[in-house]
Amino acid sequence: MKTLMVFDFDHTVVDDNSDTWVVRCLPGQTLPDSVKSSYEKGHWTEYMGRVMNYIGEQEVSPDRVQSVMETIPFTAGMTDLLTFISQNKSTIDCIVISDSNTMFIDWILHAAGLHAAVDQVFTNPAKFNELGYMEVQCYHSHECNRCPVNLCKKKVLELYLSEQSDGGVEYEHIFYVGDGGNDLCPSFCLRGHDVVMPRKGYTLEKLLAKLEGQEGNSSVRARVLAWSSGTDILQELKASMQS
């Protein structure tokens, strides 16, 4: 039986937020207040559409956007972790579920030579339109009131697991690695022998600690193991493969 690694992307695989990193491609590396103030809570993807539209209007070329995105730093130890995964594809499946977009993630993984580690990326679809402006769409719609309107990571993970199961693939262990508030929801569909790995000092760790401190049964069954670097995760992954 295989192991499944599930990664968030921003502040997990990479050590920054790809959606805010892109602003570095602008001549002044900053957005005007008219764009900044247009963000509404829970509607980040629509906001990013306006950001990319503004970048296009400033005549920043798609190549320039790509070359800036390719400079985003990976989190410490993540390249070693993803390299190990790519060398063990017979026993490890690996997916990314992210609120970024297809183009950013694709560029970043390819530039680092790490795309072979990842079997599938579930994120907001992006493309350049005929004007050369990037357009970002919402990944899906869902009924979950815990998650942003464009993406419920639990729904994505459950669907992926049921499709894999239909194809005869069951996972001995699932590791869910993330940092943010939208990584809590998918933690609820993990089993007792799975592991949820929140990044130390980030929102997910705090939310899980809060749940654990509540009276009665915590709704997260998986073991909680915090991480600071990809090295911590790799250690756990290797240990579970040996057990």
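Heads up, the Cβ atoms here are built off N, Cα and C, so glycines get one too.
TrEMBL does not curate its annotations; it predicts them automatically.
Taken from TrEMBL as is:
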- Asp8: active site, nucleophile (ACT_SITE)
- Asp10: active site, proton donor (ACT_SITE)
- Asp8, Asp10, Asp179: Mg(2+) binding site (BINDING)
- Asp19, Asp99: substrate binding site (BINDING)
Spatially speaking, which of the recorded positions Asp10, Asp19, Asp99 is closest to Asp179 (Mg(2+) binding site)? Use C-alpha to C-alpha, please.
Asp10
When you average the Cβ positions of Asp8, Asp10, Asp179 for the Mg(2+) site, which other residues in that chain have a Cβ within 8 Å of that mean position?
Phe9, His11, Thr12, Val13, Ser98, Gly178, Gly180, Asp183, Arg199, Tyr202
Could you tell me the C-alpha distance between Asp19 (substrate binding site) and Asp10 (active site, proton donor) in angstrom, no decimals?
8
Give the distance between the Cα atoms of Asp10 (active site, proton donor) and Asp99 (substrate binding site), rounded to the nearest whole Å.
8
Residues that sit under 8 angstroms from Asp8 (active site, nucleophile) by C-beta distance, when 6+ apart in the chain:
Val96, Ile97, Ser98, Lys153, Val177, Gly178, Asp179, Gly180, Asn182, Asp183
Among the binding-site residues listed here (Asp19, Asp99), identify the one with the smallest other-Cβ count within 10 Å.
Asp19
Among all protein chains shown, how many Cβ atoms are found within 10 Å of the Cβ of the residue listed as 'active site, proton donor', not counting that one?
23
